[in-house]
Amino acid sequence: MSEKPASRNNGSNTYDVAVLGGGSFGTAMAKVLGENGHAVHFWMRDEGQAEEIRSTRINHRYMPGVTLEGDIRPTTDLAEAVGKAEIVLVAIPSKAFRAVIREHSTEFFDGQIVVSLTKGIEEHGFKLMSEILIEELPRCRSGVLSGPNLAAEIVNRELTATVIAAKDPEVRRTVQELLGCEYFRVYANVDVYGVELAGALKNIYAIVAGLASALNMGENARAMLITRGLAEMSRFAVSLGANPMTFMGLAGVGDLIATCTSSKSRNFRVGYAIGKGKKLDEAVQELGQVAEGIYTLKLVREKSEAIGIYMPLVRGLYEILYEGASINAVISSLMMAVQNSDVEFILPRTIAQ
Ligand SMILES: NC(=O)C1=CN([C@@H]2O[C@H](COP(=O)(O)OP(=O)(O)OC[C@H]3O[C@@H](n4cnc5c(N)ncnc54)[C@H](OP(=O)(O)O)[C@@H]3O)[C@@H](O)[C@H]2O)C=CC1
Ligand SMILES: O=C(CO)COP(=O)(O)O
């Protein structure tokens, strides 16, 4: 164990923690950990970026103007970062998640607690990150962290709450102790699949909300989109085995509100750009960061059709983004669809689609 600065966190223990991924969220979590007195082995693939953070303590590309305090050790040596860690937090976009984990899984991942921070779905086989962790790292204990956690606010120490979902109570307790501090609260859940699916699915509705905002829709429309988005995402997730009550919590409705109402969300910004007439490729290129929702949309549309789950917002957004449908035509068809039940757990939905 390393020598560490005095802890400012809720608990008394400090840990060696690896954070994999030098983007916005990896940086935000490294900052919380450093301020909480932990030794942070901060892994990224670009040596120039690691050297810059080592010398300036700022991640200029992803978090300009934010100084990282505490014992932060940027590195491009994945084996070293993971090998020294007791706990590993993975903030790698879903497209690269398995490849990064696999690179050193047999030698260096051995008994650590490994937590996914990623809000996406793997393309082949519709796998969530927790499933990848179980497949690739059978000797590790895993969990997922999700909630209304805009990185740009966390780095400014704005009050935030999140959810650690894990079957193992020791994993939940350790992550609460690890990250909890005066501006960051960590709540617990055992519904790993539900928490994780909620985080991935809400990105789709953040794109829809960005689009609506670009079209100057009012607050009634925004409330309708958020609430119908919640109905749709919980219908889908419950059909796959998630607990519907998870969607009442921070990882469900909490994250949906944060990302559907904020231009700090990259998914919201992609939707906004498309609503202003940009092509999808242009919008993504201008963003320069990951917007998981554009990939999740494709996978969820395919899956929902395969298992017969009614998701009109997913279908409409897919038609706009990938089939060149006019936004007005999609809105009109959504508004004129069969008028259905509000809360399906109270009054079952009319089946006509
Ligand atoms: N930002 C946020 O507010 C939040 C994000 N998340 C989730 O966290 C995950 C990561 O997002 P975020 O950090 O914001 O994304 P960013 O786009 O800000 O950063 C992505 C990071 O992943 C790295 N990366 C991409 N591909 C690879 C690869 N093949 N090997 C190694 N590193 C790679 C990038 O490295 P490089 O710069 O070298 O390309 C970069 O460091 C996403 O799933 C997101 O949904 C969750 C909660 C909040
Ligand atoms: O998940 C997030 C906040 O909870 C971040 O959302 P974006 O990826 O859209 O920025």
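Residue numbers in this text run from 1 along the chain shown.
Each Cβ is built from the backbone N, Cα and C atoms, and glycine gets one as well.
Just so you know, TrEMBL annotations never went through curation; they're auto-generated.
Confidence across the domain 'Glycerol-3-phosphate dehydrogenase NAD-dependent N-terminal' (17-170), taken as the mean pLDDT and rounded to a whole number, stands at 96. Feature annotation from TrEMBL assigns domain 'Glycerol-3-phosphate dehydrogenase NAD-dependent N-terminal' to 17-170.
Residues or ranges marked as NADPH binding site in TrEMBL: Ser24, Phe25, Arg45, Tyr62, Lys119, Ala151, Arg266, Val290, Glu292. A simple way to gauge crowding: the CB of Arg266 (NADPH binding site) has 25 other CB atoms within 10 angstroms, across all the protein chains here. DSSP gives Arg266 (NADPH binding site) a helix state.
Every protein chain shown contributes to the tally, and the Cβ of Gly147 (sn-glycerol 3-phosphate binding site) ends up with 24 other Cβ atoms within 10 Å. What TrEMBL lists as sn-glycerol 3-phosphate binding site is Lys119, Gly147, Lys202, Asp255, Ser265, Arg266, Asn267.
According to TrEMBL, the domain 'Glycerol-3-phosphate dehydrogenase NAD-dependent C-terminal' annotation covers 191-331.
The feature active site, proton acceptor is assigned by TrEMBL to Lys202. According to DSSP, Lys202 (sn-glycerol 3-phosphate binding site) sits within a helical segment.
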Integer Å value for the Cα distance linking Gly147 (sn-glycerol 3-phosphate binding site) with Arg45 (NADPH binding site) is 26
Tell me which residues of the chain lie with their Cβ under 8 angstroms from that of Asp255 (sn-glycerol 3-phosphate binding site), as long as they are six or more apart in sequence? Ser146, Gly147, Pro148, Asn149, Ala198, Gly199, Lys202
Filter the candidate list Ser24, Arg45, Lys119, Asp255, Glu292 of binding-site residues, keeping only entries whose CB is under 6 Å from an atom of ligand 1. Ser24, Arg45, Lys119, Glu292
Fewest other C-beta atoms within 10 angstroms, as judged across Arg45, Lys202, which are the binding-site residues: Arg45
Could you give the Cα-Cα distance between Ser24 (NADPH binding site) and Asn267 (sn-glycerol 3-phosphate binding site), in whole Å? 14
Filter the candidate list Ser24, Arg45, Lys119, Lys202, Asn267 of binding-site residues, keeping only entries whose CB is under 6 Å from an atom of ligand 2. Lys119, Asn267
